[in-house]
Structure formats: C-alpha cells, structure tokens
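This report concerns only the one structure given below.
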Amino acid sequence: MTSSDTPPTSLPEWQTLLACKERLQIRPMKTLFADDPERAQRYFIDGAGLSLDFSRNRLTDETLEALMALARGCKLEERRAALLRGDKVNVTEDRPALHTALRNPGTDTIVIEGQDVIAEARATLARMDAFVEDILSRSRTGYTNRAFTDVVSIGIGGSFLGPKLVTEALQPYQTTGLRCHYVANIDGTEICETLAEIDPETTLFLVQSKSFSTRETLENSNVARQWFIERSGNEQAVASHFMAVTANKTAAQDFGIDPDNVFPMWDWVGGRYSLWSAIGLPVALTIGMENFRALLAGAHAMDTHFRDAPLEKNLPVVMAMLGIWYNNFWNAETHAILPYDHYLRSLPDHLQQLDMESSGKRVNQYGHPLKYPSGPVIWGGVGANGQHAYHQLIHQGTRLIPADFIIPLRTHNPVATHHADLFANCLGQSRAMMAGKTLEDARAELADSGLNETDIERLAPHKVIPGNQPSNTLMMEMVTPETVGALIALYEHRTFVQGVIWGIDSFDQWGVELGKKLGQDILPRLLGTDTQGEASDSATDNLIELFRSANRL
Ligand code: F6P
C-alpha cells in the first residue's frame, strides 16, 4: 500500500476548487472566450502525435492551477512513478499493472518475481513475428495445405474489445489479406453466423482468455472445435488450427491446444490493458507485425509523454483532472466519447470497459467507503450519427454531459467535401454546446421568420439552448497505427490518474464475480438438471419457469 488513506475531499486543494466553482458559476464559457482572445491558444496542448483543445471547459488559469494542485496533493507524481516501475498498484490482487512494459522498446529492465518483464514482452513479440511470418509466407498452413484466409478470435471483455477496435481502426493498413472475425457473446447467433462464413480448411481459431476459465469464451471455443472436427473429419488437425493466448497454459492444453501454440499472458497485465500483448495477435495477423509494432510505438510515445510532460501540459493528466472537475464538483454523472471517424466507431465500447471496470468502485484502496462519486457512466458513439440521436439531450436536456470530440485532421477516404463536412459538424456541435442560444436570439429568429407575437412567445422557450456544456476536442493528423496506439494509451493513463485522485484500485474488478456465479447456479435450473438449486427470489423463479415452458423443458 503506497497511497495515503486521506480522502481527497479533506485536502485544502479541494476547498480551493469549490471556491473556483462558485466564481465560475456566474461566468459562462461564452464570457470567458469574450474576455480572453488568447483562450484557444492557451488551452491547447499536444503530445505523442495528438493535440487537445480544452478551451471549451468551465475553466480559468486559477482552476487549472487548482486542479493540478489537487493532483499533486493526491501524490500523483509518486503514484505515476510507482505504476511505471512495477510497484503492486493493484493492491487487492497484490500485483503490478505493467501494460506499459509491453510497449517499451528500450533497454529498460523491470524485474517482477525474478523475471524481466520487458524481456518477456520482447520475446513474445519475437514469437509473434515468427508466427505471423509463417502464416503469411504459407510455411504454416491448414490441414489440407491450403493457406489460411480467416482468423476467428474467440474472447470477451478485455480479450475482445481492444483488438476489435484496433482491427476496425486500422482497416486501411490491413495488407495481409487475412479476414478477421470476432466472437465474444454467449449468444449462439454470434458463433453460428461466424461459422457460416468460413471454411474449416483455411481458418485459424484464436482462443483469447487470460484466465482460460471464462464461460462465454470456453463454450464458444467448444462449439468451434466441434464444428471444426465435424467438418474436417480430422480431430488431429485441431492442433494446427487452434491457438490460445492465456496465462493458464495448463487449461489451454487440457482443452486440446498444442503447448507450442500457446502464447503467454501474465498476471502483471490486466485484461482491459492486454491489447498490447499477444492478445493483439488478430490485429497483427491483419495489419502485419510492422504496423503492430508502430501501434506499440505510438502507445509508448504516450507513456513517455505521460511520464515526462509537466502536469499542466500532460494530455492524460489534464483530461483526467477535467473529468474529476465535472464528476466531483459539478455533479456530472456521465462522460460522452464522440469519435468523428468511422474507423474509430468502436472506441466508445473499448473505453467504456476500460474506464467503467477500472473506476466502478465504491471503496478506496483501504476498503473504506468513498464519500464522493467515483467513475461516471462512459458512453458515446460515432459522429455525425449521434447528432441525429442523442445530441438533443446534450443540448437541451437537464443534465451536464461533458464530451470528448475526437477527429483526425485528414481522412484516408477523401470523397467530395465529406471530410470538411464532417469536421464542420464536429466544430458546430462543440460550438453549439458552448455558446447555446439565448431567449432573445430565439425570439429574434422567430420574428425574422414572420411569426406573430403570440407564436413567438409560445415557441421561443423551446428554442433556447442554455450552452455552457463543456467539451474537449482531441485531434490527430490521421488515423494511423501510431496515433491509435497513442489515443488508447492516453485514455488508459487518464483512467489511472482519476483512480489516484479517488484513492481506488483501478486494476481489480470484483463486482463482476457475483453475477457470473449466480448465472452458473441458475443454468442447471433452466436446463432442469438441478431443479432445486440455490435459493433465489420469486422473480428469478418465475422467469426460470417462463424460459422452461417456452423451450418445452
Ligand atoms: O468480465 C470480467 C473479465 O474478467 C474482464 O476483466 C476480462 O477482460 C474478461 O472478463 C475476460 O477475461 P479472460 O481474458 O480471462 O477470459
């Protein structure tokens, strides 16, 4: 245990921020912009190929200073050093969280229980190099000697969301010709639809599970293996068509996977931070190892920026502290992730797991209940589509919803004026959120359209947009392996910084266990193999009966 049990709310910096809030309550952002022509330039920082305009926030220099003072008061710099050098920051599981080691290309050494984890990560990358090369050069083929054409990645949560996001994000870099399919859910539709698209002779299955005990993944893998044996008529061929990435090599072997086909995972990497390990294999197989290494290099550049940049100019720190500002001082309950780029359409899903599994905590590292809110609801979707769906609530609803707009300056697909249009939409939204529309403007607009006084008075209140809704605009030159790596690493560190302020363990996820166990208890009752089962409640009993009767069980 390295951080203090002192709640952040008892620090003097917390009081300073409460006073800052009082002052800002009567100074909307519109006024802040009008008072300071340099505002956009002053609240603009960059690092690792990403640029952040954070001028559209309820913020002055005084606020920024106070937020950074709070970060220092919570010992952020010491905690950051502890994370990066491999201290056991995951206190409830007594482990370090060394995802940064996976993308460290240097000569650094971090020894955990007698093993240099950077060397291990590098050795695994070398194995991935050889494996991808064997598949692409066709020196490793399917059981009928045909080249592999499809990869089916079976995994869920952190063993799925990151690789899926990056596979989509880097579609322009998919040069290997291999098609990648993801199967996550224990919904038969997903595995059935996927199996219907592939040929057993040319398909490689990757079972992706750190624990190799996740029911969804194991059941889907069993179905895939059974399907494969039935179609191929060749049980021996499972050895050349099924691979695993796991920290539980024995369980993978028991499943029937050749030990030579098992890539390692380690306790010192959390599932939601595992994209950078061999869990990234499906990505590497579609974009090639050179691009995969560029992805790691982008993430490493962000790690270096996070480690070295002054707090005031540090992208993850500034974004995290703005999150704390709204979450803990302005009572925001959600945070929107709004990528304006089709390739980044799954970013909200990945960040939702990353942040909500990390920050969904109710006690601090010492087990003491938090007396302040921790992680907000993370949600979002691709722009401009969201403008025609949920942006109405951001503009005129009753809640405060801070948002991150994420957009590349240039597109891979220049067509007509689409990219300028998309950019204009993005800027239009952040400006509307900030500036809003006053009652006077609404009245004037209605008068201009020729309405009579009665109608103007009736309609004007509906047209008012209060504005003063905060947003960040995060930009990159283009969506590339390097910028995608930096972007994901930025949010990983943002999540960590917020955890430091709240004093929580950002790397465990005990809350997910109860539902899993209860599901396991209910299954035999649904199937009728155990009619008694665990005692439950009348709602569960009723719904079990409903299911059994619909399925004639
Ligand atoms: O849902 C909980 C969880 O443990 C996640 O943290 C994890 O990413 C996911 O399940 C999958 O776990 P595994 O890789 O062990 O199958």
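Just so you know, glycine gets a Cβ as well, placed from its N, Cα and C.
TrEMBL entries are annotated by machine, without manual review.
According to TrEMBL, the feature active site, proton donor maps to Glu357. Look at TrEMBL and you will find His388, Lys516 tagged as active site.
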DSSP three-state assignment for Glu357 (active site, proton donor): helix
Integer Cα-Cα distance in angstrom, His388 (active site) to Glu357 (active site, proton donor): 29
C-alpha spacing of Lys516 (active site) relative to Glu357 (active site, proton donor), in angstrom: 15
Proximal but sequence-remote residues of the same chain as Lys516 (active site) (Cβ under 8 Å, at least 6 apart): Arg215
